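Below is one structure; the comments refer to it alone.
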Amino acid sequence: MIPIQLTVFFMIIYVLESLTIIVQSSLIVAVLGREWLQVRRLMPVDMILISLGISRFCLQWASMLNBFCSYFNLNYVLCNLTITWEFFNILTFWLNSLLTVFYCIKVSSFTHHIFLWLRWRILRLFPWILLGSLMITCVTIIPSAIGNYIQIQLLTMEHLPRNSTVTDKLEKFHQYEFQAHTVALVIPFILFLASTILLMASLTKQIQHHSTGHCNPSMKAHFTALRSLAVLFIVFTSYFLTILITIIGTLFDRRCWLWVWEAFVYAFILMHSTSLMLSSPTLKRILKGKC
């Protein structure tokens, strides 16, 4: 049990972090969206950033409402918010993974014909790949939607005589739904790891070919991408830790530690959101022109 003053402190920190992320996401969407309307085209990285900004904006509001409903035991409201949070959470994971793939194919210096063909195909079909990530999210959220309906049914049956066999089956399916949500995040995480490893291999190759100490534009691009990927890796790892804590949550009072953990995780997400703003040449150029 932690002191109430400390709980309130971390609650305030979490809210401030969340509001900052919401403002940053809104700024990314507004600036790049205006640029899109003016020039009628955007680079693939800016397409990802707009999509990620919209997804993260919705995710952050859903996360705040979800956490407060969980803390104050508003179960009926929580059930309706959970499915929204899970949808945008999975979508954000996929968009982050696509961002690492873009960094990999754009910055890496591999010259193998298969890699060059993949680079050409991915860049050409990037809008369809974004749409595909949305469709994959819609499909993977189906078990969660069913589990959400089951959870509502369990809540309505709470004060009624229950059929123990039916209840056990419903609760078991709800556990499978949680496992399916975890698996849905593993695939983009593996995609992220593969892209990061390829990018690190490309950077190592560049260092071996340019050992004179001079930092050419290609090297700077590698370091910029790796810095963003390093922060993103921390965010991914932190989120998987939250899943682990959820699984072993019976070991301690999760309501007491909820705001401490949320403030810790969203500090990294705030760092990543800031890094995304700095990774877009279009966004930096427009913001510098406004100053």
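A Cβ is built for glycine as well, from the same backbone N, Cα and C atoms used for every other residue.
These figures come from a predicted structure and were not determined experimentally.
Under the topological domain names given by Swiss-Prot, Val31 lies on the same membrane side as Gln206. Counted as Cβ pairs under 8 Å, contacts with the transmembrane segment (183-203) are highest for 85-105 among 2-22, 42-62, 85-105, 126-146, 258-278. Beyond the ends of the transmembrane segment (2-22), by six or more residues, the same chain brings 56-57, 60-61, 63-64, 67, 256-257, 259-260, 262-263, 266-267, 269-270, 273 to within a C-beta distance below 8 angstroms of the stretch. When pLDDT is averaged over the topological domain 'Cytoplasmic' (204-228), the result is 65. Across the range of the topological domain 'Cytoplasmic' (23-41), the DSSP-based residue counts are 17 helix, 0 strand, 2 coil.
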